[in-house]
């Protein structure tokens, strides 16, 4: 008889291998002895967290991350189909994520969106080169708890401050947390502009989002 720990390890390793078939096979085995929520949180999401760490260390690359996320989505869909009617995977929070106006780089931001989604957040990725007002309008539209603002150049960093200022003007700052990131951003910069947190990479973005939105 395979233990729960071994099944969770198998789920995690299947995600890291980026093989959808292996993930689905592991899910089928695990659901005989575990609840869907446990399989998702302690098996699939744990594997996806490890994928994020390996990506940051240069051990895995962007295609691997996307394949792993796709495999996890497939596994979650199987589990959701088995849940009683009226239940669904609990969302940890709603996040709007984008790269500020004037900045056309978005690989790092896309990785953050993928990792946040895999961790259980509802993510609205609004792309790159996004006008300041669009961040706030989207947050209003989807009733977001957090906005993630990426800037990859020193010339576009100011856009992060402008989003925060606009949130204040709209009376939304108390309700919406702000996370900043990108190569020129630092914790000191986040403190200076009044952001709630700074994330150096995708793994840290997930940890900080959980801390701010779930850890209360």
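Every residue gets a Cβ built from N, Cα and C, even glycine.
What you see is a predicted model, and the numbers here were worked out from it, not measured in a lab.
Quick look at what Swiss-Prot annotates:
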- 105: methylcob(III)alamin binding site (BINDING)
- 1-91: domain 'B12-binding N-terminal' (DOMAIN)
- 92-216: domain 'B12-binding' (DOMAIN)
The domain 'B12-binding' (92-216) - residue tally per DSSP class, helix then strand then coil: 57 helix, 24 strand, 44 coil
Average model confidence [pLDDT] within the domain 'B12-binding' (92-216): 93
